[in-house]
Amino acid sequence: MSRYQPRIILNHPEKVVPDDIMEQFFLTIKTGDIDKIRNFVAQNKNKFNIIEKSSKPGGPNKTPIHAVLELDDRIADQETKLTIIKYLDKMGAPMDLPDSDNVWPIHLAAADQDEDIIDYMLKNKVSIDRKDSSNNTPLHYAVYGKQVPCFDKVKVGSIVPPQDIDKLPLNKTLTDTKDYIVELLNNNPQIKNNLIHTVNTIMNIPSMYQATKTEKDLETDIVDIFTEIASNPSYPSQNYANSMSVQQNKLDQLINRMYILINDDLLRGLTNPLKISPNNTGWGPVTPSSSGQPSSIDRILEREHDYVFNELNNKYSSARNTVIDINLASTNKLSRETIPNIMRNINTNYIDRLIFCPDCSNSEYGEKITLTKMLYLLVWSNYKLNYIPDLVRRIMDNMKIMSTPIHSQIVNSNYTAFPLNSNLLVDDDSSLIGYIFSNLLRNKLNPQSQIDLALANVMDQVDPTINAITGGINSCITNQLVPLFTNSDDPNGAVNLFDGVLNSPINNLWSIPEFRSLREDINDLRPAYRDGKISWFQMLFNLIQEIQPNLVTGNTNDVTNNIFIRGRRTPRYILPLTPLPNSTNYGPPPGPPHGTLNNAYTYSEAFRVMDALVQYITSGQINATRYPRVFDQNINDWIPFIDNEFQSDALLQQYPELTFLYKILAVHTQRAIYSVIFNCISILLRNLPVSPEADIVRNYLELIDDAYMYYLLLPSEPNPAEFTQTGTDDTLADLKQHKWDPDNDLVNWFTKYIQRIPTEFIEQLYQLIIQNIDDFNYGNLENIRNHIESSMGDLSNFITPIINNSEFRNSIKKYFGTFNYPASYNGTRIASMQVIPRFNSLIDDIDFEYRFDDYLTLLRNGAITGLTFLTEVYGYFFVDTKKRLQLIDESLVDINAIVADIIANINNETYYYIPQVILPALVKQLITVITNIYAIKDVLSKFTPVKVEFDSLITNSIPEHNQIINLGNDFVSYVQDQLKIIYTNTIDIIKYHNNVIEFLNTHSASQLINATNTATGNNITTTRVFNRNLIPIQIFPSTLSDNPNFTEIETVLRSYSIPEITYYADATDNTDILIDIFDIGSTLNLYHGTISFDRTGIISNSPNVTDNLQINIENDGTVKDIPDPIAGQWLSFDVNHPRGTSYFNAFIAYITRNFQFDKLNGMPSSVFKFLPEYLSFMKQQIIEQVVQFIVDNKDTNAKKIYDELTNLGTQTSYQAIPDVKNYIIIGKLTDDILNKLFEFAIRQSVSSWIYNITSNDPRYRSIIDPLNQTISIINKKDYLRLSLNQINRETISDLLSTNSPYVDYGLAQVETNPNNLSYTNYQNLNKFIYYLYNINYSSDNFQDGNCYYINPTIVSKLIDSYTLEAKNSDGNTPLHLAISMTNPDIVEILLKHGANPFTFRNIRNESPYDLFNDIIRSHLKYDTGNTVSKSIENFYKPFNDLLVSRLLDDKFKNNIIKNITYGIPIELIMYNHMFHLYLENYRYDFTIEMRDSIRRIFQKYFNITDTVYPTDLFEINRDEDLSKILESEFPQNRVKTSVQLLNPKLRDYQKQLAELNNQIINLTKEKRSTINSQQISFINNLIANLEARKSIVQTNISDLEFKQPTSTVDSAMISSFKSSVNSIQNRIGDRSLNLIDFYRLAFGRIGYSQDLYLNIWRLYLEKDILNARSMIFPLLDQVINNHVSLVKENKMTRENKMTRENKQELAVIVDFYSTVKKYIESKKSLPNNLDDNPILQEEHDHIVYLINLILTPTIRNILISQIYQGLAESDLTNTLIADRNVAIRDILNSEYNGHSLDSFIKDILPNLSVKYFTTIYGNQDPNKFITSASDVFQPIIETVKLNRIIQVSDDSILIQNLRDYVIPFFINTYQNFIHHIELSIYAYEKYILNTYQLTKILQIMSNLQIPK
């Protein structure tokens, strides 16, 4: 339904303004000058509400606001526009009128993207619902954005233009000068000595690599090369060459590789020319006129020769500071922050949550188990607290106070004291009085517990009298009850009831708990008796008065039984003075006054009164000696008996007061009996003897304390020994002392709460506790745990409601300290014990035992609950992991101490013990840390499969089960992540170790150089120096592997070794520091507790003969010289027992004397660290000496040379200062000579190195020539590995006839048919997809294409319910537009505001969702392909087509370099490889988490396992493919399609063969002429050796002679290639290599043929994309495509199948592309130079690599071919020389500006051409001043002109052809090649950026709920 949009006119336009004024007004507005606008209005007084008119119909009709908003930003910026708008608005200009296209100012403001202008309009109530003529709302405009110029950085040029550089013509003078310099080097003693010293130092280089990885790798390579030869039994033979062809190639590569390595590693820049020029900043010769100092212009070198010492001092200080100023963050932070934080997190988030769940509102995880344990403990605590009361209760439940026989005895004794003798009926079965206590415990209790019997046994120990009543403990109860139940006149002291509560007001009784149950009975009394203020005695007296128990027999009082009548007069029915007949107080006077009360009354007397009254009421009779019936009841049954007695008799019911009084008496008596029994037991317990029986009682009755609680709460199973410590060793003493006695708040609370617990449950728990009387011993607490765990399942019906009770749970939490009291809390408060902190502390201090198997068995058998199992098992798992982390922490603390020792030794200048003792200990401790890390990882990894064992036994429906399992899963993930961090930081310790080695080697080098520099002769002495280099340890595996990688560590430690090294100590070395570090003075045993000084390897005789310690110090501190070094491995390491690592063989000798060496023998190997600087210093010193010598010594030859140099040249630049020119030439020539000499020395050094290795290995003796010290294969070096394509046969024939080494230049180097060019659509050009250039990016960091600025804030402000869903004339909503702009931010904003991506459709019936699907699917199809080539062909083909079309130029006769179309596809592959490498090496904000996530995605979708470097480039599985690419390595294979190539060595070999034949013939003659057997034997050996050499030469000749080959690549060649590929994969461990370094290193291991390289690239292009794991972008796009297919929305089907895992994968991919986006955008945000923009530098390096791969070989051959043909066409050349190759060789060897033609084409030209054609240079690059492309290539012409054989002038045909045709062709080729490489990179990056934006939108869409 359409919405009517009325036009609202707020300000009517002015109608009467003159046209000219109106036109001028709008013109003034369009100036953007607010002052002019104001002045115009002031002058013309015009109105503001006018409309701009046009002479044409339907003019614009724009308001002034329109005019302002349409101003170009260059005329008025946004601030100016706003100022003008505000002014116009203030003056009345209409702000809400449309123009003729219905465009409103709000539309223009939205398009202008200025937030302030939008805010101003909205503030002025401008409607945002306006539509233009195409129905676009302002929101449409805002989403579309503002097109802006794409960003391009301003380039700053040089103010001063570049100056011309003079060029010196070279001629014979230079040759003479060079010869003179050579003579000077040979004859001048000082210069010669320095030169010999320098050369011999170079020759010592192999010794500098002794025992290093480099040497070991070299040995391995040699073994690989020679294995086949040495194992060949037929060697030497005629087939020798065939069997060695592969090895020959490998050895060639090896020699070259070692040469390159040494140059890069040790001799950086040594053989590079020095920058020698006038007005330099360094050294210059001293002349007679310079007054001892060179003038500024005479300074020809960049630096003074002694600059090196400042440089070395700085380097030394840097190395030292790196060690002593080390930031110990890697270890300190680990031990003080990282690991403690991890352990705290484990405590808080896992252990505490599992056990206590302190923050849970309800019981979760394992808290119910904790609450259950606390319940059991509290019940048992209650049992222990109440055992004595309970025992008393049971005694009173089972015993009468006295039996009838006992009562009779009392009566018969006239109620006097009991006779304590055998006459008493002992152990009367029914009487408490008179029963032996121990027998009572054994025989009378029901129920009876083990503790009762234990107590009985102890009683018998204390009082063995069990057959009579005595004074012992067994008679205690009888003895203490006697005073209660005897005559009040008892001389033993009867108890007097008058002294107790019975003689106080009855109301006082109610405060006593035992009486409270009788309180309500007072209401049943008759009113006269309800006065609670009278005493029990008074109420009894009153009752007797009422009853008047007058016992009369006939008319006579029954004196014997009537105890109530006193005297014989008027009866007074009173409380009798005594109930006992015949008492002295009974009868006639002189007794007490009639009617008074006696002051003594016993329990026995009271009961007899009560019984007498009952008798009287019921029968009217009294038997004064009758056994009271209540005594016939068990003591605790008295109250029920009395109730029953009175309730069953109507007569008694008349006197409820009697019942009431009787019950009070009964209760009072029960209390007295209870007190007696309790007191007797207490007496026993206070006096327990020392005996096992007594200990059992103690254990049982000892109160529970906090130690019990912690034992049970700790995960199973704490080591019981930890709880049985005593004295000062007892760390739990405070817990044991905190008893659960009545003063404990929790216990006190529970004594009340227990009354709410079912008695049945309590009784069952009591039965558990009494099953084994020894369970409560601290050493047996595990039994208590077992009781709890095994019973809680059966008792769950009782337990569950208790622990779910909030009062119970909160009370426990209060005790734990986890209850948060509300501010207004009025409930019970329980003192907090802060249980959790102490609990966590105990975890650290206590050992635990592994009980998983036991628990699993119990779970299977149903003996424990699943929750118990999970809580205990996971609790142990968490705790065990934490304790293992604690071990790591402790080890890191030791490492910190070791590092401190290193620093202390360095500061003390005590160097010997650092590598000898401390560094191996550091490595050992590192191994300990790694072992512990792997131990944790092993625990984590094993726990997952363990879960399978119990998974089926756990009920998933119980929430706590799932909570604990999920908590465990999270724990595993968390700890694994933390272990990676710990491991990574730990491995940094190796870097520190190697920094220390670096410093020690630097120190030795510094000592040597300083000594050499200060020495006056050739005998050099120094001290405190190692005579050889210490070897750093290889880096351990950089990432934490899934399995313990101890084998790799073992490999590292095997190489952790030294050669034989001696330390030369200073006799004044201060060794005081050693006393503290090594604890000297006590027995030398362990260093820092980490490693024993005992060695397990070769006997060191340290510190004394036959001793084998690693330390040369005796216990008294004496340092011993140990003269014999031991080479070998530092540490003995056992994979199965890594913690047992010990010192092994390596031992550095210690000698207290100076180190001496002869300077002429070169520097010792320990100069290694400063070798580059030192050799550069020596080189400059020699140059200085040569120049200075010639300046100072003008002998005849020198003067002649000097004069010739002075006259050399025709330019005038230096005519006024000819001496400077001479200095420069002499310096440059000397530099050139030294460079060549040093290069020769380096190669000789490498050859000697290889010879020494092979000569010392018996396996290679048969291929060694000991006379000439050469190796056969080295002598067989063949450099003619040439590639033949089409051939200029005439030229080739000419070349072959002269044995030219330059055959390749005769081959056709251009593609004669462009249709043959690969990777192009030249004959079928498809339309290029231009949207690559037109993607609408919000970023301003792009140079080309259309760039748009979109302000999300403005978009948000222009959204309302109408604009959000408004359609324009195309039916597109703002969301359609945002998607078409591929702007994820705007898409997200619109969706958050409620935009519907499914409902609204445009005129093409597309919803926004449809549109997005179409866009992303079309986009992803662009790089879809099943091969590498197919995945990128949509990029390289269009650009190759452009390249070819631009190269096909008539000016260059349509010549196109062969293989030039390989450049772009290879660059696109390299781009993929580059980001693969960035991801693997975490560059440009890539992280290990992102890398691991991408790896998991590739593993899931493609089953790809990534490697760090793109080694998939070299993985060729099919031998057929391998054979094809290897054919280029064999000249004979190329001969099949060309002509035979002859090696220039053929004639040399023929000469050698002739010489060998001559030697053999003459030696044979000599042998015939001698009879000396020894001489004959010697000659035979020589002949045999010569024959072997002859065989080799014949083989060489045979190889070089033309044959039609019968085979190409054999299996050995294929095997060799595969071996090389394996070598790449296995040996490239240096993570610092960039992509180009990797290619150079990897290709270098395979071969040196450019054809081979191209074939490898070609085969990779045809590789299945799934086998090209480094093609990261196409592979990721396949994954994205898969995810797109999971989210569908069309007319027929709507579904979203994307899982949570898919969404996580998509998030990873978006994050990856976001990081790539930042990289691409940063290219332009960084400075536009190679020094400050590493991205541009890498792009530069890529293009240089491609130039050298594709252009350089061909360009070189074209150039040489042109030179050759030019010489061939010259009659003068044919006349002067017979062999044109001599001229070519001379041209190639000629140097211009220090570079030969070859070095310029390969090393200079690629870099220079890329810089020039991209206009990107370094900051100080002088090449930036080159003004024409011809200047870039000019050195080629200049080099050709410099040859000494043929004078080539600028007018010669050769030079003209080069200048006019060849060089322009080169320029065109290089320029277009470079430009289109850059263009392809740019396009590919645009595609990647669009991929990011579309993928981000996909991520947003994936989270939408698609409506059904």
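Just so you know, glycine gets a Cβ as well, placed from its N, Cα and C.
Only residues 6 or more beyond the boundaries of the repeat 'ANK 1' (20-50), in the same chain, are considered here, and those with a CB under 8 A from a CB of the stretch are 11-14, 62-64, 67-68, 71, 75-76, 80-81, 83-84, 87-88, 91-94. Marked as repeat 'ANK 1' by Swiss-Prot: 20-50.
The repeat 'ANK 2' feature in Swiss-Prot is assigned to 60-97.
Within its own chain, the repeat 'ANK 3' (101-130) has Cβ neighbours under 8 Å at 5, 8, 60, 63, 65-66, 69-70, 78-79, 81-82, 85-86, 89, 95, 136-139, 141-142, 144-146, 1349-1351, 1353-1354, 1357-1358, 1360, 1362-1363, 1366, counting only residues six or more beyond its boundaries. Sequence annotations record features per position, and here Swiss-Prot assigns repeat 'ANK 3' to 101-130.
Looking at the repeat 'ANK 4' (134-167) alone, the prediction's average pLDDT is 61. Annotation comment: Swiss-Prot describes 134-167 as repeat 'ANK 4'.
For 1370-1399, the entry in Swiss-Prot reads repeat 'ANK 5'. Listed by sequence, the residues of this chain that lie at least six past the ends of the repeat 'ANK 5' (1370-1399) yet keep a Cβ under 8 A from its Cβ atoms are 134, 137, 139-140, 142-145, 1335-1336, 1338, 1348, 1350, 1352, 1355-1356, 1359, 1361, 1363-1364, 1406-1409, 1411-1412, 1415, 1689, 1694, 1890, 1893-1894, 1896-1897, 1899-1901, 1904, 1906-1907.
The coiled coil feature in Swiss-Prot is assigned to 1539-1603; the stated evidence is sequence analysis.
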>> Looking only at the repeat 'ANK 5' (1370-1399), how are its residues distributed among DSSP helix, strand and coil?
In response: 16 helix, 0 strand, 14 coil
>> DSSP on the repeat 'ANK 2' (60-97): how many residues come out helix, how many strand, how many coil?
In response: 19 helix, 0 strand, 19 coil
>> Using DSSP, what is the helix/strand/coil residue split across the repeat 'ANK 1' (20-50)?
In response: 21 helix, 0 strand, 10 coil
